[in-house]
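These notes are about the structure you will find just below.
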Amino acid sequence: MGFSYQNHILHAESVAIADLMKTYGSPLYVYSRTDIEYNWHLFSHAFGIHPHLVCYAVKANSNLAVLSVLAKIGSGFDVVSNGELERILLAGADASRCVFSGVAKTNIEIKRALEVGIFCFNVESMAEMIRIEQVAKEMSMQAPISLRVNPDVDAKTHPYISTGLKENKFGVDIDDAIPIYKMAYNSPYLKVKGIDCHIGSQLTKISPFLDALDKVLELVAKLGKLNIHVTHLDLGGGVGIKYDNEQTIDINAYISSILDKVGSLKIILEPGRAIVGNAGIFVTKVEFLKQNSDKSFAIIDGAMNDLLRPSFYQAYHQVLPIDENAEGIDAHWDLVGPICETGDFLAKNRRLSLSEGDYLALMSAGAYGSTMSSNYNSRPRVAEVMVLGSQYTLVRERETIQDLFNKEYMIND
Ligand SMILES: *Cc1c(COP(=O)(O)O)cnc(C)c1O
C-alpha cells in the first residue's frame, strides 16, 4: 500500500521519505494519493448498482489536494461549516452530491448551502429546522432535509468520539422524531428526503451500525404509515481503521449487511477516517535524547499542536524509523514534543534504536491530524505533501513566523 519499506528505507509510494524531508524540512505530513483513491473506491464499489452516495467527511482532512482528488473520482462530501463548503466548491465538487451536517448551522451557512444547491441538510434539532425553514422561505426555496436521529446505541469507542447515546449532544432522540417530520412534511419550504444518523467514530465492529439501522428502519415504517416517505438513509461515518493491532471492519461485509436490510432505499455514507487515516503519515525529527534512571525521552520536533490525537484521545500511532537499519540507543522511548505541557507526547514506551537527527514516521496520521493542528506555543503549522507514484507535490506550505501574527494588532498608546 502507500507506505512501505523498500530495501529497509520507508517510502511513500515510490518516494523515499528521506528525500521529502530533505526537500521540505521537518515536521511534515505526507499523503498517498493512491491510498486515498483506493479507500474511496472500496466504499463505492461495495454498493454495486444499489443507489448510493459516498460523502467523504471533510473534517477528517480538508486539504484542497485531498478534496480535489476525491472530487475528480466522483466523491460526494459531508461538510459541517461554511468553510468546508467553500473548500469543496473550490476543489471542484458537485454541490448536489454534498450533505451539510454540523450541530448548529448559522443563517449564513444555510443560505449559502441553498444557493449552491446541496443535496440535503442533516438537521440536528427542531429549532434548527425552524431556522432552515425561515431561510428557505426568505429565498422562496424548498430546503431538502433529513433529521439526524439519535438511536441510543453504544458505539463502544472512545467516549469523546461516541455520539449516538442519549447523553450526547447530537441529533434528536429517535422517539421524538415523528412530530418534527410531520412539521417538515407540512411545510411548503421543506422537503423531507431522508433520515440521518452517525453514532461515533473509529468503530471496529459492524453490530452497532446494524443496531442503529434497525432503529432507523422502524422509524421509516412509522413515517410511511403517516404517508411521509423518505427516499434515502444516511448512516454517517465511523468505520474504524487499523492503528495498532485492532480488528477492523471489512467494508464489503459492512455494506452488504446494510443492503440486506434496506430494500431499494438510497444509502448515503459519510466516511472520513476510513478514507484518509491510513493514507497519511506524520514525519518528525529526533532533536535530543534524554535518559534518566527510569525513563528514556526522545524529544522530537513535532508536538501536540501538530498531531493532537495522542494527547486528546490517548490515541495510538505506530512509530516507524524511516531507515530500518539505523543504529542507535536501543530503549523504550517516550516521544515527547517541545511544548510546555506534560500532555505533549506523540507516543509512549516504544522500543526503538534512536540517534539524534533520526526521522520517525507516525503512521495512520492522515485523518484528524493536520485538521486538528493549531499554533499553540506560536508554532507555525507544518507543510503537507501528496505523493503519487514517483511524483510528489507540496499541497500546503509550511507557515512562516509572519503568518503567526498577520491578523493581530498591537495597542499603541
Ligand atoms: C465526524 C463525522 C463523520 C466522519 O466520521 P469518521 O469516523 O471519520 O468516518 C461523519 N459524519 C458526521 C456527522 C461526523 O460528525
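Glycine is no exception: its Cβ is also placed from the backbone N, Cα and C atoms.
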(request) Select one of Gly238, Gly302, Gly337: the residue that TrEMBL places in the pyridoxal 5'-phosphate site alongside Glu270, Pro271, Gly272, Arg273, Tyr368. (result) Gly238
(request) Name the secondary structure element type, per DSSP in three states, that contains Cys340 (active site, proton donor). (result) coil
(message) For a quick check of packing: other C-beta atoms within 10 Å of the C-beta of Tyr313 (substrate binding site), how many?
(response) 16
(request) May I ask which of the recorded positions Arg309, Tyr313, Cys340, Glu341, Tyr368 have a CB within less than 6 Å of any atom of ligand 1, listed in sequence order? (result) none
(request) By Cβ count within 10 Å, point out the most packed of the recorded positions listed: Lys59, Arg273, Arg309. (result) Arg273
